[in-house]
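Listed in TrEMBL:
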- 563-655: domain 'DYW' (DOMAIN)
- 111-145: repeat 'PPR' (REPEAT)
- 182-216: repeat 'PPR' (REPEAT)
- 244-278: repeat 'PPR' (REPEAT)
- 347-381: repeat 'PPR' (REPEAT)
Amino acid sequence: MVTLSRKFSTAISDSLAYISLKQFPQNPHKPTPFYQIQQQQQPKQLESQIVTTLDGCKNLTQIKQVHARILLNGLDQSCYVLAKLIRTLTKLNIPVDPYPLSIFNRVKYPNPFLYNALIRGYLIGERLNESTEFYSLMRKEGVVPVSFTFTALFKACGATMDVGLGRQIHGQTILVGGFGEDLHVGNSMIDMYIKCGFLECGRKVFDEMPNRDVISWTELISAYVKSGNMESAGELFDGLPVKDMVAWTVMVSGFAQNAKPREAIMFFEKMQEFGVETDEITLIGVISACAQLGAAKYADWIRDVAEKSEFGGRHSVVVGSALIDMYSKCGSVGDAYRVFQGMKERNVYSYSSMILGFAMHGRAHDAMKLFDEMVKTEIKPNRVTFIGVLTACSHAGMVEQGWQIFELMEKCYGIKPSADHYTCMVDLLGRAGRLQEAHELVKTMPIEPHGGVWGALLGACRIHKSPDIAAIAANHLFELEPYCIGNYILLANIYASCGRWNDVSTVRKLMRTRGLRKNPAFSWIESEKGMVHEFFSGDMTHPRSGEIKQALEDLLDRLEAKGYQPHLSSVAYDVNDEDKRRILMTHSEKLALAFGLISTIPGSKIRIVKNLRICEDCHSVICGASQITGREIIVRDIMRFHHFHDGICSCGNFW
């Protein structure tokens, strides 16, 4: 409990008296001591000097020396000086009880600022109950709280997520009165409600505030962004009278974090048009959006903006690492490597980003080479680095190398394999057709396998058409991720590829029972002018659908003349072969490919992004198209990048 009596601690008093005598000895033969000179000065000037001296105190001994000076100069009742003394003590994490509390207890008529110093001290020490007890004493003694009293208490309620107490303090601001127009109190109240998870209460406070500043607007916009409500965040942003860099950055980063990359890039474009400066956080937000979208046009532009600022990839290791990730996800791993080579400083994140970039593009040997270079430097690999290396081994079918790396993690670098690393190993073994070995690894894991581990095993069963192990993996996934529709669809597709239509019906019935609806498959492609065009499977509503259909028919005729046969097993429906051919023809990636062929310059690269895994038939068609058209075609699906060139894919038909 807090001691609230006014008895001064004798021990502290004696200690301070001893310090003062030791620091300032009485000697008539020496010059007049400094403290005696100060006694002759005006009180206000003396108080200011002591406060300035306290600002420079770095430890308890120095503070006690100044305290002695305060006592010797008769300032033991100066609330202004003593409040500063207590704040200095608590700033150095000196507990309120007994020293600062004993200082307070000696003052006959403490003012609000002295009370605030004690309340703040208790809050720094995470003693919320004592701080509110002190507030109660303050009110009982008839001392009127000031703005800083409430801002400190609201901050503590937010930090401890104690909305009940926060509401009581809110009530006190109304009861005491005079704080309705206080900007600092209003902002701290909004912050408290947001941190306690009561966003709409914070919004109500905001709406009732007669005066607001950029902090009022920005903290509420940020709260909506974090909750995923970009519509409300946008409405507030539009109403913000003066939009500074922080507000713009919140919106750009918010759209990127909420999987709205086009909107993030659009806001960044507007930000540039209005001449608003950017910083590292803004750049990382828009770089992330570009990486999600996979649009090469925006990638080069964003890099130019970064280079013109002081945060370009050459100078900022954070922005440089983000640019590497962006270029990798836009299908330009060569540009990613050029950014990496141009960086003046590199850290574990830049190396890991580049290794992951090589891995997702199937350049396993480049990933391994860079890893070897990294371990020869002073930079130590982390868990993400090993995920990148193991992913590279998986995508290239390098089973033995993958096992060696997996064993080196803990033995040489002290990194205990996590479930994510086991996911990579299961994926590696599964892709290589060693399904029983992969299943055994899952069963003998020293940690509980998460959805990623079972998902890797299920994905491998799709490649190698193993419905029995697939059923085992899927049953675990249905427990761990009951509402992840992708697991149900993948199991149904595995059953369909094996002709087990009764099992397909069972899975689809389970999906309906759980109210799950399939997310539509779609692909997007960047046109010559940089515009992004989306295509959904079976959707022929594009303005150039007639041309797209004709181009696709011509392409398939040419492929069939070279021996192409549709992979009818890619259709997970029990329909006749003709219907299966019709369904395959309008897969979203084929529509995007046909549009790319008619809308881009002959010989130029075609870049396609798909939201799901590319099917076997589309993979075969695009592979053949790269040969007969002489085009390099880059497809990014949910798993990896596929670089098609002259009839060969970088994945080696291993995905």
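The backbone N, Cα and C atoms fix where each Cβ goes, and this holds for glycine too.
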Same-chain Cβ contacts of the repeat 'PPR' (111-145) under 8 Å, 6 or more residues past its ends?
1-2, 4, 79-80, 82-84, 86-87, 89-91, 93, 95-96, 100-101, 104, 152-153, 155-157, 160, 162, 165, 172, 176
With Cβ-Cβ distances below 8 Å as the criterion, list the same-chain residues six or more beyond the ends of the repeat 'PPR' (182-216) that contact it, or say none.
147-148, 150-151, 154-155, 157-159, 161-163, 166, 170, 173, 223-224, 227, 240, 242, 244, 246-247
Report, as numbers and ranges, every residue of the chain located at least six residues beyond the repeat 'PPR' (244-278) whose Cβ falls under 8 Å of a Cβ in that stretch; write 'none' if there are none.
214, 217-218, 221-222, 224-225, 228, 230, 233-234, 237, 284-286, 288-290, 292-293, 298, 302, 305, 309, 311, 532
Pop the mean pLDDT for the repeat 'PPR' (347-381) in here, whole number is fine.
94
Secondary structure content of the repeat 'PPR' (182-216), with strand meaning DSSP E or B:
26 helix, 0 strand, 9 coil
According to DSSP, how is the repeat 'PPR' (111-145) divided among helix, strand and coil residues?
26 helix, 0 strand, 9 coil
Can you tell me how the residues of the repeat 'PPR' (244-278) break down into helix, strand and coil by DSSP?
26 helix, 0 strand, 9 coil
